[in-house]
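Below: the structure, in structure tokens.
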Amino acid sequence: MANLDKYTETFKMGSNSTSTAEIYCNVTNVKFQYSLYATTYILIFIPGLLANSAALWVLCRFISKKNKAIIFMINLSVADLAHVLSLPLRIYYYISHHWPFQRALCLLCFYLKYLNMYASICFLTCISLQRCFFLLKPFRARDWKRRYDVGISAAIWIVVGTACLPFPILRSTDLNNNKSCFADLGYKQMNAVALVGMITVAELAGFVIPVIIIAWCTWKTTISLRQPPMAFQGISERQKALRMVFMCAAVFFICFTPYHINFIFYTMVKETIISSCPVVRIALYFHPFCLCLASLCCLLDPILYYFMASEFRDQLSRHGSSVTRSRLMSKESGSSMIG
């Protein structure tokens, strides 16, 4: 730690996005992250935009009120679409290494990333919990009102929207420098108590509690398959519930678990609380991959809707069939005119 102090002056003269520990361990620039981010976001943007736009259109227009998870699916799609719409600006920056817009727009895009992540976590958890609860308590499902889901969704947006504000606030240093954004934003130094409190809240509310809930739902749904079916509830209904809960769990663990495991170490490295060079290197090199995996939820969630709601599949099939028929008819009419 004594040697680490020698680099303090260098750190003060250097980039705000670089911590003292990074300079000490000679990991001042993870160069591959720019091409990784740009490539990932390019691959996600078009499919994510088309899939989530189509999903939102089908969910809002065609899915019946009988589908209890519809409200949570719509909100999940909105969260994904908000992040996807910000990807062109991220792609431009990571390719050009220059931010020509206002700093406020940069921080808004940065904020939308974390809003998407934690809103997605909450809505995936709600879908799993609701599906499991209605499977175990089918009579309660009959009395459940859609306005309850609307109220829960509104509360989630308010709480998550407020809770995500520290992310752009902590990165809003050096406001006069409008040329850098996203991965190159600086970090505000925090005292250890405030930092530990922020990490604890983020990990507990944004990861640990949802993991416990989703794991419990998966366990209870699996057990229900071994029990005799209740009135008006066949084995197929339980299998559909299990498939839904399993898919929510899969999206959650693939997209969000790596980030939250690395988040603790990465934040402590940036705040110069951890100075062990092996830990510094692992946290910094792993971080870009974690963020890319988190953005992958924008592609996986529409697949979730497809397998969760039979009406969703039916509407896509009907729309695809109608498009095919219209094309065939136009070709036939064109051929008859030529003939």
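Cβ coordinates come from backbone N, Cα and C, glycine included.
Of the cysteines C25, C181, C217, only one is given by Swiss-Prot as the disulfide partner of C106: C181. Going by Swiss-Prot topology annotations, R61 is found on the same membrane side as R140. Mean pLDDT for the topological domain 'Cytoplasmic' (215-244) in this predicted model: 76.
Secondary structure of the topological domain 'Cytoplasmic' (125-149) per DSSP (helix as H, G, I; strand as E, B; remaining residues coil): 22 helix, 0 strand, 3 coil. With DSSP states grouped into helix (H, G, I), strand (E, B) and coil, the topological domain 'Extracellular' (90-103) comes out at 8 helix, 0 strand, 6 coil. In three-state terms derived from DSSP, C106 (disulfide bond) belongs to a helical segment.
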